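Database features, via TrEMBL:
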TRANSMEM  25-47  transmembrane segment
TRANSMEM  53-74  transmembrane segment
TRANSMEM  105-128  transmembrane segment
TRANSMEM  160-179  transmembrane segment
TRANSMEM  199-224  transmembrane segment
TRANSMEM  236-256  transmembrane segment
TRANSMEM  276-294  transmembrane segment
TRANSMEM  306-327  transmembrane segment
TRANSMEM  333-351  transmembrane segment
Amino acid sequence: MAEAIPDESLTTPNAFSKYKKWLEVGIHAFIVLASQSVATILGKLYYDKGGNSSWLVSLTETIGFPILLIPMILNWTPKLDSEEEGNYNCVNNSSSSSSMIMAKLLIYVFLGFLVGGGCSLYSIGLLYLPASTFSLISSSQLAFNVLFSLFMRLEKITPLVANSIVLVTLSSLLLALQPDDESSTNKTSSSAHDHHHNYAIGFVCTLIASAGFGLLFSTTDLMFRKVLKRNTLREIMDVIVCQSFFATCLILIGLLASKEWRNLKTEMHNFELGKLTYVMILFWISVCWQLYTYSLLGLIMKLSAVFANVISTLGAPLIPIMSVIIFNDKMSGVKAISIVLAIWGFSSYAYQQYLDELKHKADQVLKKCNGASEV
């Protein structure tokens, strides 16, 4: 009786590595979507129940980075770490090593300023816009990310990618051309004129922040490919810790300069849900954004910055639905069309990723066949 021959595609180390990779990608994607949605909803809850400091909300998005040192400590292996350093230093002399350190430091400062500025602008946008509108405008960072990646030659333009850019852009433009008729949740918006003025400020700040984060993702992707060239946990943690440190410094300067810190004690005492809830909301906002940052960088490292941004953009239709349930945000026809366009844009790019994966598999099979024929 002939023995059954196992399927090599299921038993080879390469197949196991492939399935492990996509399992990790799935976990990272889930964490990105969950943490982004929860953090945005908690941020809006802070504003709705008496909070007014956009600088404080910005600070919670970056100051929690020491939390992410825990997985680094748990996964740190001295022997493996020294071997990696030894292998890396074998190809780098002392002069090139010092120049590399300086280059990395400048990149970290630049990334930190992008994060700090983006968080500050996003906090202002969330203050003046309904959470559902805010999330849909934020989805425009996918279009900015693709454009910056094309400029840096990290992505190739295809009809599906171009379609994705156009749809996501139209999704944001619809909200810009027809602002929400619902009165602003911000207590200072007492008239229609103030409401439209605040809406314009929130829209512009959110759009600029989306462009900044699009540039951030593309720059991070470029750094992993051209500068670091080592996709390890330590490299991810170095990027997170350094950029978060510089971003926190920038936001702290803004908080002190604005003098908002003087009102924080009174704000906490007057918070509608109580002091403990006030502290817990800020704490969980910080935790959620750190989990978001860690998993987002994991997606950038394993695939690309644009793919990570696509996953982040997938949260655009989730947050409006949660906002309608929790905050009773108005679901207008324009906003519904914007959601459909955002989902369509995401699906267009996701399908392009699927085609690229099929092409990559076909190229690998062809390469193996050519190698076997030559032997």
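The chain as shown is numbered from 1 upward.
Glycine residues also receive a Cβ, built from the backbone N, Cα and C atoms like all the rest.
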Tertiary contacts of the transmembrane segment (25-47), as residues 6+ beyond its ends and Cβ separation under 8 Å: 57, 61, 123, 126-127, 130-131, 134-135, 185-186, 278, 281-282, 284-285, 288-289, 291-292, 294-296, 298-299, 302-303, 308, 311-312, 314-315, 318-319, 322-323, 326-327
Could you pull out which residues elsewhere in the chain have a CB under 8 Å from any CB of the transmembrane segment (105-128), counting only those six or more residues past its ends? 40, 43-44, 47, 52, 54-55, 57-58, 61-62, 134, 137-138, 184, 186, 189, 198-199, 201-203, 205-206, 208-209, 212-213, 215-216, 219-220, 223, 227, 239, 242-251, 254
With pairs restricted to those 6 or more apart in sequence, evaluate whether the transmembrane segment (276-294) and the transmembrane segment (199-224) have 3+ C-beta pairs under 8 Å. no
Please determine whether the transmembrane segment (53-74) and the transmembrane segment (236-256) are in contact (criterion: at least three Cβ-Cβ distances under 8 Å, sequence separation 6 or more). yes
Please give the sequence-distant neighbours of the transmembrane segment (199-224): residues at least 6 beyond its ends with Cβ less than 8 Å from one of its Cβ atoms. 107, 110-111, 114-115, 117-122, 124-129, 134, 137-149, 151-152, 154, 172, 175-176, 179-180, 184, 231, 235, 239, 296-297, 300-301, 304-306, 308-309
